[in-house]
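Residues or ranges marked as ATP binding site by Swiss-Prot on the basis of sequence analysis: Ser34, Gly35, Gly36, Pro37, Asp38, Ser39.
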Amino acid sequence: MTEAARPLDREEFARRLDRWLGPGAAGGVVLAVSGGPDSTALMGGAARLPPLVPVMVATVDHGLRPEAAAEAEAVARLAGRLGLPHRILAWTGPKPRTRLQEAARAARYRLLLDLAREQGAAALLTAHTLDDQAETVLMRLCAGSGPAGLGGIEPVRHLGGLALVRPFLDLPKARLVATCAAEGWPFVVDPGNADARFARGRLRRVMPHLAAEGLTAARLARLAERLRRNEAALAAAADAALDALARPGARPGGMMLDARGLAVLPEAVALRVLARAIATVVGGNARPARLERLEDVLFGRLLPAIAAGGRLRCTLGGALLHLSGGSLSLSPEPPRRAG
């Protein structure tokens, strides 16, 4: 048996889950279980410990496949057999005709996070694997993401008082499949995972060829880990720089920056300072500007104008930027006139 297909034993489950289910856990948890092998192994592993905090298993029925309801009921039966409570969460209402997978993902997390907060849970655990991480990195590379996006899925992400946790993110999917087989935990295979109509399904067909050239899932995941470390350092530098560059005199709801100070920053830091300043004045509801657009404005227009001592007025990411007299003011973009 290869290491990549070795089942997890109780000790490894404990090492990965004790922080969230053991004596030092901050509170209860919700386990997101679709019925596939990854999340089934998560549920089975949690049941084996046993948990010292309240555990709720949740399955989202997206209503996209005729068999989805029966699969959710199968998860409920296995959860009952393992001694864990279970809830089925239904995504109801009209479904979009385009970007269906994105909409389904957003609905899934909304339902799961709502349940976690309703339960007073401290954490929501999902069973994303090394394979998922590699696919995510490739998808974001295809979409033109920068270093932050190529950092992939975070092992732990804090959402207010709730932690979104992926305890299996460094494990190959094959180990979780082997675990279910060894333990006799039944699971289903979603045909949508290999559906060539969707980008992720198409990339799954390509990945064996990339691995043959050396671009394995493990190397893609390691790249994501390195980029997350680098991004954390750049983010800290950008936060400090934004504080240092802030100047008085901004309009209410706006921000004023020392433009010359912005121009002497390393380009990667300056880019993040501009993005943070825009996010601050626009607020959390606006869609952030795409990285390519940020780069075009900063490197193609703003920095050259600062160097020339010139003026500039443009919009970016929902903000109005005005460069004049060595200062850069940012304010929310005024609403467009109807007609």
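In case you wondered, yes, glycine gets a Cβ from its N, Cα and C as well.
A quick note: this is a predicted structure, and the numbers were derived from the prediction, not measured.
Note on Ser34 (ATP binding site): other Cβ atoms within 10 Å of its Cβ, all shown chains, come to 23. Summary of the ATP site environment: with the site residues Ser34, Gly35, Gly36, Pro37, Asp38, Ser39 set aside, the chain residues having Cβ atoms within 8 Å of the Cβ mean position are Val33, Thr40, Ala41, Leu42, Ala127, Phe187, Val188. The Cβ of Gly36 (ATP binding site) has 20 other Cβ atoms within 10 Å, all protein chains considered.
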